[in-house]
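Student: Summarising the annotation, TrEMBL assigns domain 'EGF-like' to 193-233, 234-273, 274-313, 314-353. TrEMBL lists 238-248, 278-288 with the feature disulfide bond.
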């Protein structure tokens, strides 16, 4: 199957248009030259290019557009795209292009060109074969090449569809082609771009990056820098929010994010997330509570935070109050306890209660009676009566009338025992005395017979047959007081007179509880 590419037929109309355009441009430039010769102060800048070319502001000339590079899928059906001055070709993948700069041959009519292709010879057209094109480049004319299936294309390119025979391709052409600035002749006699960045012929600064372009190069700043004049200056990324969630630190050519204390960067290196200090590095001595961006320490009951807000110190509860315990407070790590003196026991954690030793550890003899008091006990004789008194009932001693020794002594003595706490508030009623036998037509009077030498007591008669012992001075224990309270009974008609004594033993405890 033969592939026919008739560039001569397709390009005739375009050639005519270009010839007309060139003529117009030539006339315009001639007119501008005449005007310039008359007015030398004016400067005309030419920036219009023909189709397939674009203006290069650096070189101040037109340069070819590589359509194969910028046009997506320029060729279809498995064809390859070949760029050339002012356009591009879609050729079979086996086609090759041979270009040299020999003198152009005479234009061959279309009929001759057609017959020449059939016989294996071609005649190259001479349209703008060696003339200057916009942009300062040159197009070389193609020589006639003998060989099968060779056709002449647009702009005098010679296309050979059988690359299998290398002898048909001139490897060493007799003439060199002229390439535009930034291009050089390749081993295949085509103009190829010079990579100034690779060859080291660029003039970029050390802080710049060379970027190769077709026929030229450009100098770019490194990432993180921007051009200001000829200098590359650092871009302050931190001045353009919102790069970072919390804190931003600019560095030469870059930046990094940082977080406030108590936060750490997430995996995206932008967001700050809270650090759970209680899990990561618990510094609290006892209890740790995480809060946003920080943490707080707390102590167990009985402790308080020290000045470093991390450790816990024991609270000396005994110093905070003197009323925690009834007797004595003992500080312990994180708590306290109460103690009671000997003879007492702790009740309800803080109160001291008397121990009744007469019920628990009775150490009295058989002929003795155990009497408990606040903080201790005493052993008293079960028969307290002394001659001439005889025991008639429990703790009651009577002096018989028949005994002559009983005439001037009390008729009876009753022994009673009581205890009071130390430093009891005064005045205070502490004991009541009352007649057990009431006689008609008698008058009873009461008095403290003995044991009140310091005036601690006062006996107040409350009725004809009773009286109340009043404590008028505070007593401090441990101490024992024996007070005789006498009741004197006198007949209203003066027929008889008698008395009885209540011997009261008062034991004052050592404490106020």
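Just so you know, glycine gets a Cβ as well, placed from its N, Cα and C.
TrEMBL entries are annotated by machine, without manual review.
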Student: Summarise the model's confidence over the domain 'EGF-like' (314-353) as a mean pLDDT value.
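Tutor: Mean pLDDT for the domain 'EGF-like' (314-353): 93.
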Student: Which one of the disulfide-bonded residues (238, 248) has its C-beta surrounded by the most other C-beta atoms within 10 angstroms?
Tutor: 248
Student: So if I draw a 10 Å sphere around the Cβ of residue 288 (disulfide bond), how many other Cβ atoms end up inside it?
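Tutor: A count of 17.
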Student: If we skip the immediate neighbours and take only residues 6+ beyond the ends of the domain 'EGF-like' (314-353), which ones have a Cβ under 8 Å from one of its Cβ atoms?
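Tutor: Same-chain contacts beyond the ends: 300-304, 374-376, 510-511, 513.
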Student: Could you tell me how many residues in the domain 'EGF-like' (234-273) are helical, how many are strand and how many are coil under DSSP?
Tutor: 3 helix, 16 strand, 21 coil
Student: Which residues of the same chain, at least 6 positions away in sequence, have a Cβ lying under 8 Å from the Cβ of residue 278 (disulfide bond)?
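Tutor: Non-local contacts for residue 278 (disulfide bond): 284, 288, 289, 290, 295.
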